[in-house]
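Not my notes, these are from TrEMBL:
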type: TRANSMEM; residues: 58-75; note: transmembrane segment
type: TRANSMEM; residues: 81-100; note: transmembrane segment
type: DOMAIN; residues: 99-353; note: domain 'Sugar phosphate transporter'
type: TRANSMEM; residues: 112-130; note: transmembrane segment
type: TRANSMEM; residues: 136-153; note: transmembrane segment
type: TRANSMEM; residues: 165-185; note: transmembrane segment
type: TRANSMEM; residues: 197-228; note: transmembrane segment
type: TRANSMEM; residues: 249-266; note: transmembrane segment
type: TRANSMEM; residues: 286-303; note: transmembrane segment
type: TRANSMEM; residues: 315-333; note: transmembrane segment
type: TRANSMEM; residues: 339-357; note: transmembrane segment
type: REGION; residues: 362-392; note: region 'Disordered'
type: COMPBIAS; residues: 365-383; note: compositional bias 'Basic and acidic residues'
Amino acid sequence: MPGRPVIFEDAIAFTVSAEGPVEPLAAEEIPLAMHPDWKSQRYASQEADASNTAATRYGVVILGCLLLFAVSPVLVNHGMLQFLTVVSYLACLSLVKMMVKETEMNGFARPWAITVCHMTVTFFISGAVAKPNFSQAIAVLPISLVTGAALLLNNTALVSGGVAFIAMVGCCTPAFTFVLQIMLGRIRLSTETVAPVLVVCAGSVMCVQAETTATMTAILLGMAATLFRSFKTVLQHEVLLTGISPIRLVFWSSFWSLTLLIPVVLDDWRSALQDFKNAPYEGKQGLIISSFLACGLNVTQCYSVKLLGALQLNVVGNLNLIMVIMIATGFMGETVAGMQYAGVIVLVTGAMLTARISRPSSELKMAEQESKEPPPKEPEKVPHLNQMPVCS
């Protein structure tokens, strides 16, 4: 005789079977339909879920408003088109990471091959628009070399240290960029310039919540990767000041990146192609979408660095942490800690303060032209008629 549930007044359920009664179920193990007041408990559970959903929505809205507020100086100082460019840069920066993760989790876990696909799409799309000038190719080569070095050092650091720790070190990119900008004479060293950068770095570190494990090797490698990442942005800004257009910078950067990456994946391209064929639809879709997002990321990044300068762009890049928290809360159901909310407020404050000390590239270029122009000559004085010599 199969067992059947029996409900007692004290809400302890037993199962009666042919072998006799078994141990009682704990209160939390009792099915909801077996509880005496199961209807009220179901309604209470639904109300709790609804309140949690509402709290999550409010949290996402608040984070989104803080993010837009942090980027609002771009709207005020430059206009709507430039504001949308920066917001698109932040969106692509967050979404491309999600799609790469989706691709790797669905049968195509080949980071180098994914990077080659990203650069290939960027190369062809930017090349169709840019009308490349071959005289500018060599000027962009150092940027690609520095980018490759930063990627290599960062991946090596992940072997020796935890992901969260390397992310925290990466949050200090504005500080490294600030030092490089001082060395180039772009920013003056003072309390008014140092404090906002430190606030941005502190807020960014507070936004990263996870286990932090690292060795001295990971610390050194992570700092080296951050330095090269800062150096890349500074080099991009300096090259753009020479007159090269952002879309041509994207084209030649993707060209040199492909030149450097193709030998790395050439030996293993057959197995990579086989993995792509065997990957499910979600993996293939993720690779295609992430490739176009990467193209958008590269283009908007170059236009943003021309608009904002190297330091302010890295500060805006750290605002990506807010968008990551929004995605994790709104779509993945993760809980945001109070320390992370505090970090968001500190980060936004630092971004607003940094916007006051970072000069856009147009102003820098004008300042350079003014410094190169010779001082205006004083007009020659014409002698008065009474002072002219009289011929005898």
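Using the three backbone atoms N, Cα and C, a Cβ is placed for every residue, glycine included.
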Which stretch, 81-100, 136-153, 197-228, tops the Cβ pairs under 8 Å count with the transmembrane segment (249-266)?
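If we count Cβ pairs closer than 8 Å to the transmembrane segment (249-266), 136-153 scores highest.
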I'm a bit unsure how to read this: which one of 112-130, 136-153, 197-228, 286-303 has the highest number of Cβ pairs shorter than 8 Å with the transmembrane segment (81-100)?
286-303
Establish whether the number of Cβ pairs under 8 Å between the transmembrane segment (197-228) and the transmembrane segment (136-153) reaches at least three, counting only pairs separated by 6 or more residues.
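Yes, these stretches are in contact.
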For the transmembrane segment (58-75), could you work out the same-chain residues 6 or more beyond its ends whose Cβ comes under 8 Å from its Cβ atoms?
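Distant Cβ neighbours of the transmembrane segment (58-75) are 82-83, 86-87, 90, 307-308, 316, 319, 322-323, 325-326, 329-330, 336, 344-345, 347-348, 351-352, 355.
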